[in-house]
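According to TrEMBL:
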type	residues	note
BINDING	D18, W19, E21, N23, E32	Ca(2+) binding site
TRANSMEM	33-51	transmembrane segment
TRANSMEM	63-83	transmembrane segment
BINDING	H80, H215, H219	Zn(2+) binding site
TRANSMEM	89-107	transmembrane segment
TRANSMEM	119-139	transmembrane segment
TRANSMEM	145-165	transmembrane segment
TRANSMEM	172-189	transmembrane segment
TRANSMEM	216-234	transmembrane segment
Amino acid sequence: MAPSDRPGYWGRPTSTLDWCEDNYVVSFYIAEFWNTVSNLIMIIPPIFGAIQTFRDGMEVRYVFAFLGLAAVGVGSWCFHMTLQYEMQLLDELPMIYSCCVFVYCLYECFKQENTVHHLVIVILFMFSVIVTVVIMRWFDVSSQVMYGILVGCLVLRSVFIVTWVYPWLQPLAYTSLTVFLMGFLLWNIDNIFCDTLRDARRKLPPIVGAVTQFHAWWHILTGLGSYLHILFSLQTRTTYLRHRPKVKVSISTS
């Protein structure tokens with residue numbers, strides 16, 4: 001994908017990827033404006049989620065899960081704002097690390113309260129180290145493959161939980177998965193039909209053209225899907241520990 005010829009504050013892109021949004025069109029200081037600001041949904045709500053989880057006295061792993069999602073948003077913001085290789089690593093690596101936290105939370109949700117499974121932590125830590133080394137050497141392919149493996153583990157575990165353990169959590173689990181898959185679909189459309197989308201944006205009013213920034217929608221939808229997944233994992237855990245859910249349901253009889 002050829003970048004825009006417009007000069008910008010951060011200079012020539014050094015990242016291995018340059019997405020479909022033309023560079024430095026909206027702002028001289030932000031290379032990909034819409035791909036940058038769309039990360040707010042991965043930053044602000046998870047921070048509030050982490051604060052509320054801490055206040056509720058839940059296990060610290062869920063605080064780390066929310067903060068991990070926020071770290072992904074910050075890294076992605078820096079990457080799309082600068083299109084520099086160092087910021088690209090700050091985007092890709094937290095995706096792996098936060099997914100490892102998600103995996104730990106979901107696969108350890110049926111254990112005693114405040115139980116720490118050190119072997120699983122060591123395995124996930126070593127996986128993260130190996131992936132970091134591999135990504136530093138073979139960036140383009142390995143990061144997406146490794147991320148896909150972790151997401152696959154989360155999907156399989158979620159399906160198991162809502163099929164065999166807590167079927168009543170299906171709406172939350174499947175909404176999370178559906179929203180995430182919608183983002184993945186738009187991500188692929190943005191990649192495959194980039195030239196067509198760019199031509200259309202040049203003919204459309206700026207605000208209307210912004211709606212076709214499907215990589216930005218990928219951020220919004222995957223951020224929302226990931227947030228809902230953490231809530232699903234947290235609800236699974238609190239249900240197992242027999243904590244009273246904080247969601248109030250009113251039932252009226254006629």
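Placed from the backbone N, Cα and C atoms, the Cβ positions cover glycine too.
Recorded features from TrEMBL, shown on the structure.
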residue: D18; record: Ca(2+) binding site; Cβ neighbours (10 Å): 17
residue: W19; record: Ca(2+) binding site; Cβ neighbours (10 Å): 24
residue: E21; record: Ca(2+) binding site; Cβ neighbours (10 Å): 29
residue: N23; record: Ca(2+) binding site; Cβ neighbours (10 Å): 23
residue: E32; record: Ca(2+) binding site; Cβ neighbours (10 Å): 30
residue: H80; record: Zn(2+) binding site; Cβ neighbours (10 Å): 29
residue: H215; record: Zn(2+) binding site; Cβ neighbours (10 Å): 22
residue: H219; record: Zn(2+) binding site; Cβ neighbours (10 Å): 27
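The binding-site residues recorded for this entry are H80, H215, H219, and the Cα of H80 lies nearest to that of D18 (Ca(2+) binding site). Residues 19, 21, 25-27, 63, 66-67, 69-70, 72-74, 76-77, 80-81, 210, 213, 215-217, 219-220, 222-224, 226-227, 230-231 of the same chain sit 6 or more residues outside the transmembrane segment (33-51) yet have a Cβ under 8 Å from a Cβ within it. Proximity to H215 (Zn(2+) binding site), judged by a C-alpha distance within 10 Å, picks out W19, E21 from the binding-site residues W19, E21, N23. If you take the Cα of W19 (Ca(2+) binding site) and the Cα of H80 (Zn(2+) binding site), they are about 9 angstrom apart, rounded to a whole number. Other residues of the chain with a Cβ within 8 Å of the Cβ centroid of H80, H215, H219, the Zn(2+) site, are W19, E21, E32, W34, N35, T36, S38, N39, S76, Q213, A216, W218.
Straight-line distance linking the Cα atoms of E21 (Ca(2+) binding site) and H219 (Zn(2+) binding site), rounded to a whole number, equals 14 Å. If you take the Cα of E32 (Ca(2+) binding site) and the Cα of H80 (Zn(2+) binding site), they are about 5 angstrom apart, rounded to a whole number. For the pair H80 (Zn(2+) binding site) and N23 (Ca(2+) binding site), the C-alpha distance works out to 9 angstrom.
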